[in-house]
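Peer 1: Pasting a structure below so you can have a look.
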Amino acid sequence: MDLNTRGIINYLLLPISGIFYLASVLRKWLYQVNFFKVKKFKCPVIVVGNITVGGTGKTPIVILLAQYFKQQGKQVGVVLRGYGGMHHKGSLLVSKNTNVYLSGDEPLLIALQADLPVMVNRNRAQAVEDLINQCQVNLIISDDGLQHYRMDRNIEIAVIDGTRRFGNEFFLPSGPLRESIDRLKSVDFVINNAGFRAGEFNIKLILKVFVNVKTGEEKPLDYFNGEYCHGVAGIGYPQRFFDTLIRLGINLKPHIFADHYVYQQSDLVFEDNYPILMTAKDCVKCIQFANNQMWYLQVEANLSDNFFKELEAKL
């Protein structure tokens, strides 16, 4: 079902969307009136989330923020729920050597690229508490968790897909909305991942190089220009990645997998011998069985100096 259009199925599911909306409003109100207790912490918490389902590019922003504050001398940690991982009980401290099937792809990717402590727990508030106690951090960034109201936060950052925006503007399951669009009025910052809108900060994803998953060898962006390649993506919005490869002049054979999909070696065996291109998020799940034909596209997030000035002022 397409969550960006208003088809028959979308309308048929509207009664369920109404129930979802009322339940989410009630739940938030119960936290606001202290019927449910909010867990407070010894150090600031920055939440990077969204109000829709589907990929909006939160993780590159989390990595960028973590690296920035590390350079400022902060002891930074990151918490996540660990979607796609097999760890379901209590907290898991993720390092560069953690099994990706245990942690999930995003926690391991952050641990590898940002080189800092990462804690996974379905209960984000508990993840924050455990990270403070075990790793002596003084700033925590939550990858997602905008709707996890049990976790107190100092800064809220909402990330929006600049192309799809809010889809058909229906609530789940008829549409992509987790919360009302008005929720954006209460967050501290709105980041747009495509295009410019008043009141929103624009993030640029800078394409760097292709990196061989097995050897670490790097090749320039035009290396596969004019070649036939397989494009593999198990992310929230794979078409964005495929469009990027096509703009690089690649004759693409796309293969879409579910978000957080756990790859098996057999998934990436094709009859031809064309190169296989993937995202960094896909890469961490393929390292154990990688071959010389597997490459990932290295990207780097960039936000304006003005954004960081305003962020530090609020923090």
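Yeah, the Cβs are placed from backbone N, Cα and C, and that goes for glycine too.
Sequence annotations record features per position, and here Swiss-Prot assigns ATP binding site to THR52, VAL53, GLY54, GLY55, THR56, GLY57, LYS58, THR59 based on sequence analysis.
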Peer 1: For GLY57 (ATP binding site), list the number of other Cβ atoms lying within 10 Å of its Cβ atom.
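Peer 2: By my count, 24.
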Peer 1: Check the binding-site residues GLY54, GLY55 for other C-beta atoms within 10 angstroms of each C-beta and report the one with the most.
Peer 2: GLY55
Peer 1: Non-local Cβ contacts of LYS58 (ATP binding site) (under 8 Å, 6 or more apart, same chain)?
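Peer 2: Correct list: VAL48, GLY49, ASN50, ASP143, ASP144, VAL159.
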Peer 1: Using the CB centroid of THR52, VAL53, GLY54, GLY55, THR56, GLY57, LYS58, THR59 as the ATP site centre, which other residues of the same chain sit with their CB within 8 A?
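Peer 2: Along the chain, the qualifying residues are ASN50, VAL159, ASP161, GLY236, TYR237.
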